[in-house]
Amino acid sequence: MPYELKKVFASLPQMERGVAKILAGDPKGNNFLYTNGKSVIIRNIDNPAIADIYTEHAHQAVVARYAPSGFYIASGDTSGKLRIWDTTQKEHLLKYEYQPFAGKIKDIAWTEDSKRIAVVGEGREKFASVFLWDTGSSVGEITGNIKVINSVDIKQTRPYRLVTGSDDNCCAFLEGPPFKFKFTMSDHSRFVNCVRFSPDGSKLASAGADGQIFLYDGKTGEKVCSLGGSKAHDGGIYAVSWSPDGTQLLSASGDKTTKIWDVAANSAVTTFNLGSDVLDQQLGCLWQKDYLLSVSLSGYINYLDKNNPARPLRVIKGHNKSIQCMTVNNSDGRSTIYTGSHDGHINYWDAETGENDTFTGKGHTNQVSSMDLDGCNQLITCSMDDTLRYTSLISKDYSSSESVKMDVQPKCVAVGSGGYVVTVCIGQIVLLKDKKKVFAIDSLDYEPEAVAIHKGSGTVAVGGADGKVHLYSIQGNSLKDEGKTLPAKGAVTDLAYSHDGAFLAVTDANKVVTVFSVADGYSEKNSYYGHHAKALSVAWSPDNEHFASSGMDMMVYVWTLSDPDTRIKMPDAHRLHHVSSLAWLDEHTLATVSHDACVKQWTVTFK
């Protein structure tokens, strides 16, 4: 293969305030599961930089769970589709697909022999279904709740018991198979968010929005006690997870804490305070082997440290909203990837290890649309919050003084030499020097969309929605129209100069990439055809002979300058999502980002 996937830096879980997030464990103890958008993410628990992404759902995926055998995963989405797929092959072949009810699936449970599945959620006619995994034949009827069911679990030892937790403040207890309703447990005074049997099946825990955790006998359903007396947490409890030996319980709450409970002593052994911001609310947890994980409303996954509750062992960060732009900094022999997302977050990633963090302080408040680096260790970004920001790559801290307010919304930014920056806004081109606006062109007869600056000559190329590239030159503190336009094949979406400044590549809405030769007075060198939909982004390889383009057709092409017919086609680089930005780490490594909030690296080999 001329290309192969080298690394995946996965997205964080997609979070919603007041809604529990299920982190599902792996019976073999190696991985954990969660969902974001239409994707199911499988991450290695020892090294979270190792990730695999399943993207076959047509609607937003909500929950995924391993079968106890470890060979299959069942995942459910907002439309009520349940897909059961293989975990042993990279292709993740579909085994079975069912539609237990029409509506969002909120939780899934398997019997220990991996033969029966219970599915619960927000159905229209019914809220739950339990059936054989291979035929879909019913193995009972789940009744006893009159509102949306949030959680389900099946005792992993015989005789089987099934329990559900619902918005009607009740848990329903069923025996089977075939599963039949026995009684309701109505101890909670608010919604029941989570129900879980202990690994040996002897105990059952239920957690609710009333801040209480009740323990029951796993076989009979008799109430044993209320953990912590009247209240286990000051806020609603969204998840509980048992220790492997069943003696302790981990709970996650909206009061921004997680707790470890000694079940026999009925007391909290450890309390983890995870912050004071609303984004620090804890909406999910998982206890797997020696690892204790919790997930915050921000999407961050915390590895909790029993020996030091005040500070997590590590926090997995990243994006959980679509990534809009990216740039790469190669210095000191290391590559750092900078990414900006739809919610205003900017992250920096070590390209080798995947270690990443976000800039500190108060930054952009809306989508980061474009970014570029200057030679002074600064990242220049423009955003839909109508600002342009200069952020130090050394301090990695936003500073209020480094923000420049624009008159109208900026779309794209380019950095030249000598402290010059050009940004194109709606109906306006602005020149900045040393972090100050020095010149603007307002009376344009076209709508500017993209900009690039020739580092050597200072020529500014502005791509317009009129299907032309307009050339300007920086003269002192002003921009002079050169009176020259270059014809693209459609409305320009992106443009980039090669690193040696010899060529200008232009992508357009008519699916074409056009390359102009700078030395020959910007004469057209070649046109490159292949995209089936609007081309979006273009990036030059450091060898100046190859360049990559991405489009709305979800394709990435790597083109050869001297031969338009020699191309490498990369379909489904980010399946179901178009690639929003590209950048080369070196001559053979291409990085891509997309609306799936993931960063991928590809090894590209040329003949």
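The count begins at 1 with the first shown residue.
Keep in mind that glycine also has a Cβ here, set from the backbone N, Cα and C atoms.
What Swiss-Prot records for 4-45 is repeat 'WD 1'. Within the model, the repeat 'WD 1' (4-45) shows a mean pLDDT value of 97, rounded to a whole number.
Same-chain residues lying 6 or more positions outside the repeat 'WD 2' (48-87) and placing a CB less than 8 Å from one of its CB atoms are 7-10, 14, 22, 24-28, 33-42, 93-114, 117, 119, 121, 123, 133, 156, 301, 316, 353-355, 575-576, 596, 598. According to Swiss-Prot, the repeat 'WD 2' annotation covers 48-87.
Residues of the repeat 'WD 3' (93-135) grouped by DSSP class, helix first, strand second and coil last, total 0 helix, 22 strand, 21 coil. What Swiss-Prot lists as repeat 'WD 3' is 93-135.
Residues annotated as repeat 'WD 4' in Swiss-Prot: 138-176.
Marked as repeat 'WD 5' by Swiss-Prot: 180-218. Sequence-distant contacts of the repeat 'WD 5' (180-218) (same chain, six or more residues past either end, CB-CB distance under 8 Å): 20, 140-145, 150-157, 161, 163-167, 169-174, 224-228, 230-242, 244-246, 249, 251, 253, 255, 261, 263.
Per Swiss-Prot, repeat 'WD 6' is recorded for 224-263. Below 8 angstroms of C-beta separation, residues 18-23, 187, 190-191, 193-194, 196-200, 202-203, 205, 207-217, 269-277, 280-289, 292, 294-295, 304, 306 of the same chain, each at least six residues beyond the ends of the repeat 'WD 6' (224-263), sit close to that stretch.
The repeat 'WD 7' annotation in Swiss-Prot covers 270-306. Each residue of the repeat 'WD 7' (270-306) gets a DSSP state, and the totals for helix, strand and coil are 3 helix, 20 strand, 14 coil.
Mapped onto DSSP classes, the repeat 'WD 8' (311-351) shows 0 helix, 25 strand, 16 coil. Marked as repeat 'WD 8' by Swiss-Prot: 311-351.
Across the range of the repeat 'WD 9' (358-408), the DSSP-based residue counts are 3 helix, 24 strand, 24 coil. The repeat 'WD 9' annotation in Swiss-Prot covers 358-408.
Marked as repeat 'WD 10' by Swiss-Prot: 432-474.
Within the same chain, residues 2-3, 486-487, 489, 493-500, 502-503, 505-517, 567-584, 586-587, 590, 592, 602, 604, 606 sit at least 6 positions outside the repeat 'WD 12' (523-561) and bring their C-beta atoms closer than 8 Å to a C-beta of that stretch. Feature annotation from Swiss-Prot assigns repeat 'WD 12' to 523-561.
Non-local neighbours of the repeat 'WD 13' (566-604) in the same chain are 2-12, 36-39, 53, 55, 318-328, 330, 335, 337, 339, 341, 349, 351, 528, 530, 536-543, 546, 548-560; each lies 6+ residues outside the stretch with a CB under 8 Å from one of its CB atoms. What Swiss-Prot lists as repeat 'WD 13' is 566-604.
The listed stretches are 4-45, 93-135, 138-176, 432-474; of these, 4-45 has the most Cβ pairs under 8 Å to the repeat 'WD 8' (311-351). Look at the repeat 'WD 5' (180-218): DSSP puts its residues at 0 helix, 23 strand, 16 coil. Away from its own ends, the repeat 'WD 10' (432-474) comes close to residues 388, 390, 402, 404, 407, 411-426, 480-482, 484-497, 501, 504, 506, 508, 516, 518, 522 of its chain (Cβ-Cβ under 8 Å, at least six residues beyond either end). Residues 20, 68, 106-112, 116, 118-122, 126-132, 182-186, 188-197, 199-201, 204, 206, 208, 218-219, 221 of the same chain sit 6 or more residues outside the repeat 'WD 4' (138-176) yet have a Cβ under 8 Å from a Cβ within it.
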